[in-house]
Structures are given as structure tokens and as C-alpha cells.
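S.K.: To start, I am sharing the structure in question, which I have written as C-alpha cells.
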Amino acid sequence: RPSVEASAPRAPCLRCTFPRGPRSALPREARAGAAPRWALGSKDGGIGHVISARKQQRAELQFSFWWRWLLLASYSQRSDVTLNSFLLLPNSRFLLSGNLHGGSVVASYPYDDSPTHKPTGVYSKSADDEVFKYLAKAYASHHPIMRTGKPNCPGEEGETFPEGITNGAQWYDVEGGMQDYNYVWADCFEITLELSCCKYPLTSELQQEWENNRESLLSFIEKVHIGVKGFVRDAVTKAGLENATIVVAGIAHNITAGKYGDYHRLLVPGTYNVTAVVMGYTPLTRENIEVKEGDATEVDFFLQPTVMAPAPNLTQLTATLAPASTIASTVVQAEAPSPTSLRQPIQPVDFRHHHFSDMEIFLRRYANEYPNITRLYSAGKSVELRELYVMEISDNPGVHEAGEPEFKYIGNMHGNEVVGRELLLNLIEYLCKNFGTDPEVTDLVRSTRIHIMPSMNPDGYEKSQEGDRGGTVGRNNSNNYDLNRNFPDQFFQVADPPQPETLAVMSWLKSYPFVLSANLHGGSLVVNYPYDDDEQGMAIYSKSPDDAVFQQLALSYSKENKKMYQGSPCKDMYPNEYFPHGITNGAQWYNVPGGMQDWNYLNTNCFEVTIELGCVKYPNAEELPKYWEQNRRSLLQFMKQVHRGVWGFVLDATDGRGILNATISVAEINHPVTTYKDGDYWRLLVQGTYKITASARGYNPVTKMVAVDSEGAVQVNFTLKRTDAKVEEGNVPVLNTPDTSDPNEKEFETLIKDLSAENGVERLLLSSSGKVSPYRYRPYKDLSEFLRGLYLNYPLITNLSSLGQSVEFRQIWSLEISNKPNQSEPEEPKIRFVAGIHGNAPVGTELLLTLAEFLCMNYKKNAAVTKLIDRTRIVIVPSLNPDGREIAQERGCTSKIGQTNAHGRDLDTDFTGNYSRYSGTQEPETKAMENLILKQDFSLSVALDGGSLLVTYPYDKPVQTVENKETLKHLASVYANNHPSMHLGQPGCPNKSDENIPGGVIRGSEWHSHLGSMKDFSVTFGHCPEITVYTSCCYFPSAGQLPGLWAEHRRSLLSMLVEVHKGVHGFVQDKSGKAISKAVIVLNEGLRVCTKEGGYFHVLLAPGLHNINAIADGYQQKHMQVLVRHDAPSSVFIVFDMENKIFGLPRELVVTVAGKVIASFKALSLVFQAGSF
């Protein structure tokens, strides 16, 4: 309710320095019947500003709920919160609501205003007046003050409300109130609850307010169950009838049923006649329904259709451009009558051109109707931010099944070449409707993971025109670049900047183990195969190493398309063009540098061809059924080719696990492929006998002779032995498998493996609760309050502490998240996230705050997050340079304001190095961070900065060699590979558009070399690997970009929580079982770590074979090797023997010689003593 408050303080309520209660918003003269005015001023008669309530323009939320006829005219004046609420209420099907206010103690119910808008005293009765009074009493009767009807608010001591309730308009008139909007437009019954005289009471009073309102809140919630409820269904099909109208006799307020015909109508106890009405059905009335106190009476309605629909004419449907929803319903009816129809494939009927919104609805519809075999996802966005939708079709959608090949179709790369787009939508319909009934489709879906992208260039499509035969309007994307000339090329430097669509598709192709693909185009009728260009740039045959395979793949498509196979497709347009058997080598036809099919072949395991589907690029809609008939067999036959050649697994001989990134080489074919995460691989080959070799780092290669048939694929598995198989005495390899006798350990190992799998972290995100996303930047005060809020709300898993103070005495906060915060747990890995070392790059700060909230919100809610927190110590330092952050400017993409601290020092040049150190000048922020790093108990550190889109690893200083380089680079790659575009290595930042960072990862000194960096200090003195993530090209992008940045980085951030559990976990003790702390563990004869309290150590290492030397005073040195896996921790258990050598000689010899020497000295001494006498 509006509040116009005077300045005079009121003694009883220290914070309430103005008149209490909503009615005090109206001056006394207004309550007496004068024109409604609001007075702003002092109570003692001081002059205030008087403003007509009707002309008030402030976005006061309660007054923003205007009636519907005013909404469109008033959009520019409504606040975002009000608009969001307006959109939410009708769509959420709320049944009961309470709107909590302060300023009095009363329950107010509709209506809040009257037709006369008299300021006060008019009872404005709603149709459900009895229900509203019942609901208001339910709250008031349990409130110790409200139920008395005498709030006794300061300044309103005489105000009374019988039974603690009031009609809103009778109290005073409020136009545009939210409770009335709920009732009139949203089927929701809402009352307004004034909870206390004091609007902002002292913290010490909150406990009493809770006690006053607890029972009332619970009692009010219980009332959501009163009245009558049930379903409205079709009497014939028993299907729920959405939006059925529920009419209660004598109450002029109807409600509507939900999506499934479900309804719930709040009513007070009594007897009612209730009618259900739906267009096309005979209304049905149920009389004398008894509603009792308590749970609702259940009443279902079964309505008879007024007209039975005739069987549809499929021929007519095919020729008619009907809406998708109409087609869907008629097709279902057509399928049902004849059992014999199940033996024939159901053909698509949805033949029309689908613009983006139509296509989007189509895809969502099939994803919704066939959830067991489909998954709709986006591979990225176009220039104009349209989604690049992909429909996955599989018997286990969302999961890569080990040994099952993955296939993709891409259409509409050129926006005006539309046949492929429509054929792929037809194919989706065909596969979905025939799965489970047609053997060919069922087998294909069960044995293949199929991905279909109908439109790679949705922006261009929207510009193209139906009837275009050979034009170019809409061909390119919105930046006017040809996407099929935009991929990195093996022969030429592509001059055009990489486009969002290109980058998104490249990222997509790197994310899935695609084996076979086709890119659907238009403008001719032929299958085109690699290479698309050659090094001379001439139109000559450019042969790939797999030329025979590509010819076979191309023929598998063209043979099923009679017109294509004839080879002379477009005689009226290109009379001299001829393609033998309907196929051609790309470069021989014409040279295409920067094409997608060549990039597929050269950069992934995927074989791709380009299929030209017709001479006309954008045919009229009535021709689309003909294209489906010509191509449907070809589309299916080409997909089956993914099951040709050889496939299998490459396994570790020690533990039987699959080996990731093992290489499969075929003799005399210079094109190796690599294994996926389970060690599975697929290698397309034509019929013949081949010499195939499997190899992997740290393993001995294995070669086999394999005969490949003309049909189907041959399974060939390889088992590789590690190169350390030759065991020498005193040099025993240690198994990498941890002790899994503890079921909890086994369960956690399984979790890490699951999260390391494809889309593992993505599935965690999808299953998480409490969706969080940053939407604004937090200055220091807000940041501090936010961290304090996390600590107070999640005290069992957080600890908030200060590492020190900045130059301007701001705290440098550190938040620990763990199941035992602030306790030593040396057996658990510890990870550090740091942001804000440069104050002008605050994106990292907001990402870490969001990460912290995400983890806290999901603890004990999401099993995976809970286990990660239970097994990890997470330390977050969100703002290392708070002083710089306070002066930095939003949208300052290149501004250096705030980069340094208050002394003008770049903190990332202020850390101690190996060089001579100036004394007494180190910055307080740097010193605080150094103290944290020098605890030497972190396994991994991730620093977030801004100004590009890449990851750097140590060292930032120029060095000749980098110890443990492979591991540092691997950790950086884990982050980059989980980011949708970072791993493509083309940040595309302004003034650096040609910058190319392979894999999105580079050594710091090779990018921007400098001394005194935090990551160098962490590695050198903290014995902790640290990577620096540059989150975006813009240092300080607008707040509107934060949700998108969180969506891009959240998977990468969570992947580091998974990665920190890998590497080598070890425990060192002597033969007596005594744990040995401070033992030195030397890895690969370079990197050194020390065991912690309890003898534990943990070090992250790149996947592969590593040497370990363990050294401790008084013990014999131990040497071993350990295999580190990409998806699981490796454990070693080191038991020291007592040192058996002294000065490099056997202990027994040294002791014997020493004994004799001592005896000789004693004898000689006696001789000297005797001589002196």
C-alpha cells in the first residue's frame, strides 16, 4: 500500500519515525471525504508537498497493477518487477496467495477499490466475498494481535477491525492493487496481510514477529486444500480438457481447468451446483455437491463431444498448409483404426516452409511428444541470437553409449537453400513416428545416436524468399559472410573473421564423437566429397587419404535418388554439367577454401560430405512432398553407413578400462582417428584387408590384421600393456587403482567418472535446484553483505574470514565451503578460486559469487554437489583488489581505470619472485594473498581475470623450461574444453581479431610476459599449480551480459572441482604403520611436493605414466611408476624401509669397520699412555 510519511519520530518504535499503517498514507481530510491526496511533510502541520493520487507517476509496485485495458498504454511506466509479476501470475496457475505488508495489523481482502473510488468507507464486495472473509479469518484468528481487531498502532490507536479483517475498499480505496488483479485475471485468491505497526522493526524484534505470525502462515497455507477439485475429461477418449470453464451456481466468478483438465475451486463449506463447460462438448452439471471443512471434495466431469470428427483425408492434409497442432491431431486419428498400418512406415504430412518460430514450435512439439527418444538442445546462437537447434534422436537421449556411433545432419548452412531444412524436419517426424513399429527405423535409432541441426543459418533463412531459383539473397549470415567459406583451411588463410555460427558448430563438433555427417545444400543435384580445395586453388581432383571411403559414402546416397544418380540434374540451368553416378570430388567441381566438410575430416574423427538436393534453392511449398519422396531412402541409407568399417575398444591391460585419445592408425592411409572416453572408436573403411595399429602414450602399441566385409562393421578390440611392464628389483610399479573396499570410496570414484564423462557436468547442472544467475555487479559493500549472507544462511558448510585489508582498509574476504569448514582435513584436496586481482575486470568476482551460492543452495539437495562439497575444501577469494574495483567503470571494455590498487600498483607484478626483492614496499593485498598461498595445502588454483577469452598456465616470467608443463597445460585445457567457444582458440577481441590461441590455452610468458605474477608465486613457493582464466574480451561488460557469461563459464568452473580429485593421491608410512609427514615426493625428476600431516599427499598430473621418487630422512628411497587416468583418481601407498646404507655403503660394512677403527684408536691410546710413563 502507498506510504506518504511525515518526519516526526514516534517513541514506541525506534525505526518507525513516521505515522503507522496504510491508512496514515491518507491525510485526515481525505478520510473525511475530501479529494484523495497524499501529503508529504511533518505531522505537526509543517508544509509538505501535496500530490494528486491520480497523477502520481512513481513506479510504486502496489499501484502498478492497472487493469488490462491500461496495461498496453502503461508499459513504459511500469517497473520491471510489476511486469514480471503480471506475466507470471496468469501462467503459473496459483490457487491461493498472501501479499505481506506492514504498517498495521489486519487481513485485507478484495475488492481494494470501488466504482466510485470514494477514499474510504465503501464496502466493495467481490463475487467470492464469503470465501475471502473465510481466508482472512483463517490468518487473523491465529495471530495474537490481529484477532483482537485492535492493532493500537501509534497515531491510529482508535482504529478497529472486527475479527482482525477488513474489506480493502472499506478501509480505503486502492486502485491497481495486486490482490484484485490476482482474483480477476489469474484465477488466484489473494489477500493482503498487514503484519505489524512498525514497517522496519529492530532485528531484536524479528523473533517475536515470527512467533506472532507462525501459526497464521501455516493455517493460511492449509486453506489451499478447501473447496472442490477434480478433472474435466473427454467421455470418449478420457483425455483431459484444457481450459474447461468451471461455473458455480450463484457465484459470478468462473475458473478454468489446467493443461490436463485439472481444476480446483476454493469454496467455503456448503452445498453447490457446479457445471463444466467446454466448446464442442455438452455442458455437464453436478448438483448438490457437499463441501465440508478441510480437504476439497473431489468431483470429476466426463463431457460428451457434440460432434464426432470424421476420419481425415490424408491426401488433403498433405496438400493443405495446416497449422502444426491441427496436423498432429489428425495424424494420430489416421494411424489408429487399422492394425495393418503399423506394418507400413508412417510418412510425414507436415510439408510447408517453417520460419524460425514455426520451426522452434515444431522441434519443441516433437521433443515433448517423444521424450523417450528425443532431446532438443542448442549448439549456440546466430548473429541475431537465434538458437542453432539440434534434435537428438536415440533410445537413450542425452547419453553417449560406449560403442555406439554418433551421426549428424546439418541443413540450411546457406540461408536461401531451404530444402535440406525441410527434409530434416520431415526426417525428425518420420523417425519419431515410426520408432517401435518400423524395424528399419527402430534398429537405426537403437544402434545410433543421431543429431539433426535443421538450420545452421537461421538469420539468412529469414531474409530469403520463396521461389528463389539461383539467387543469393539470404545466402550469407547477418554479417554477410558465407559460412561455408569461414572454417580454417588446410591450404589457405581464411581472411574473414570467424562467425558466431561457425564457432558454435566447431565447438559442437569438438564436443561429440561424430563419425559420419552430411551437410545439406541446394542449387544442384549431386553428392560432393573431400577435398573441397587444393593448394593451387585450381579446379582439379583433390584426393583425400580416404578417397575410396568417401566415394562409397557418396554413392550410398546418390544410388537411392534416381534423378541424382543419372548425373545430369539441371539441364535447363547448367546444360553442360555432368556428374557420373551423381557424385563429384569437391575441388574438381569448383574450389571452395574454408569449407566445413574438409574441416570435419581434418580436425575431428568425422567424415562429412556435402549433398546438393535440387536445382532450385527455395522451391514453392507445394513441391516439398516431391523432395521428401526423392530423398527419404537416401537419407536413411546414408545414416546406415556409420556402421561400416571397424569399431571397438582400446583397453588397459592392467585394469581393463578404456583408454582415452588412443590412436587408431591404418597402414597406407594417412588419417588416424582417436578413441573416446570409454576407449571406444569407429573407423570407416571399404571392403578389404587392413593392418590396423592401436597406440597410446605410456603403452606398447598393438597391431592386428583385419578383414572388412562389404556389409556391416567388424569389432576389433585392442588391449595395450603399459611400457613399464619390465619390472626390476626395487623398482616395482604401483597400481593406480585406489582401495575401493570402502563402498563410499567406490561411490565417489564412480561419481568422478560420471562427471568426467561427456555432458557429465551438464547433467549435474540440469539436475540442480535453485537456478542462480548473476544479474548485476556488486560494489564492495554489497559484496560483503552477500558473503555475510551466505555465511549466516549456510553456517554448517561455510566459513567467512578476512585475509587482510587493502590500502584503503577494505577487507579481502575469503569464503571456505566444506562440510567441515575451518578444520584441517589433509586427506581432502583443496582448491582455490581467486578473482579481482585487477579491479577493472570484475566478471570473475560475480562468477565466483554465483558459484558459491550455487554450491550452497544445492548442498543436501543435489547428490553430486553434496558429495563434492563433502570431499573438497573450496576457498573462494572473490575480490583481491577491492579498492580498484570501487573506481572501475561499467562498460569500460578497454579502460584501465581500477586495474591497479590504490597505490597505483599492478598486483599481478607484486608477488615475490626468484629475483632480487625490494624491501618494505610490498602491497598489503599481495601480502595477504601470499600468506594464504604459503600454507602450501592447495592442490589447484584458478584465477579469473578479463580482457580476452583464453587460459594461461605458468610461467608468466620468461623461462627456458617449465617443469610439469604437460600437467599445467592439461589443467588449462580442461577449463577451455568445457567452455563453449574458448577452446576454439579465436577470442575475436577488438583490435586482436586475428589472434589465434590453439586450444584456447597458452603459456603466460608466450602471451604477456611479466615478472611477479600470482601464478608463478603459487607454483614456485606454494607448490600449487595455478591457471589464469580470461573470462571475456571486455574488462567490464554491461551487467546484462552477466547471465550469459555465467552460462558459458559455469561448466568450466564446476569441471575444476571435479579435476581437483584426479591426479595422484598418496599416503606414506613406515613398516610400523607410522605416518611420515614432510617426506619429499619427486615427480618425473622435477616437481616436488611434501607429505602433509598424517602422511598424505596429493598432486595433479596429466593423464599418462609418471615416475615417483619418495625421499625421507632415515629411510630408503622409494621409486615407482603410476598411471594417471583422465576420469579417476590414482592412489599410491608408499611404505618406507629403514635406510640400509650409510655414506652409500652397506650398513653392516660401515658398522663393522667403524667398530674396528674405534677399537684400534683405543689400543693406540693405551700405547701412548704407557709411553708417557
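Quick reminder: no glycine exception, Cβ is built from N, Cα and C everywhere.
The active site, proton donor/acceptor annotation in TrEMBL covers GLU194, GLU612. Taken from TrEMBL, the feature compositional bias 'Basic and acidic residues' covers 460-469. Positions annotated as domain 'Peptidase M14' by TrEMBL: 1-224, 352-642, 776-1060. Per TrEMBL, region 'Disordered' is recorded for 455-480.
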S.K.: Near the region 'Disordered' (455-480), which residues from the same chain, at least 6 beyond its ends, have a CB less than 8 A from one of its CBs?
M.R.: 353, 355-356, 359, 382-384, 386-389, 410-418, 421, 499, 501, 505, 523, 573, 615-621
S.K.: Provide the number of Cβ atoms within 10 Å of the Cβ of GLU612 (active site, proton donor/acceptor), excluding the reference atom itself.
M.R.: 26
S.K.: In the compositional bias 'Basic and acidic residues' (460-469), how many residues does DSSP call helix, how many strand, and how many coil?
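M.R.: Split by secondary structure, the compositional bias 'Basic and acidic residues' (460-469) comes out as 4 helix, 0 strand, 6 coil.
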S.K.: Would you kindly give the Cα-Cα distance separating GLU612 (active site, proton donor/acceptor) and GLU194 (active site, proton donor/acceptor), rounded to the nearest Å?
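M.R.: That comes out at 69 Å between the alpha carbons.
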S.K.: Average the pLDDT scores across the domain 'Peptidase M14' (1-224) and report the rounded value.
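M.R.: Overall, the domain 'Peptidase M14' (1-224) comes to a mean pLDDT of 70.
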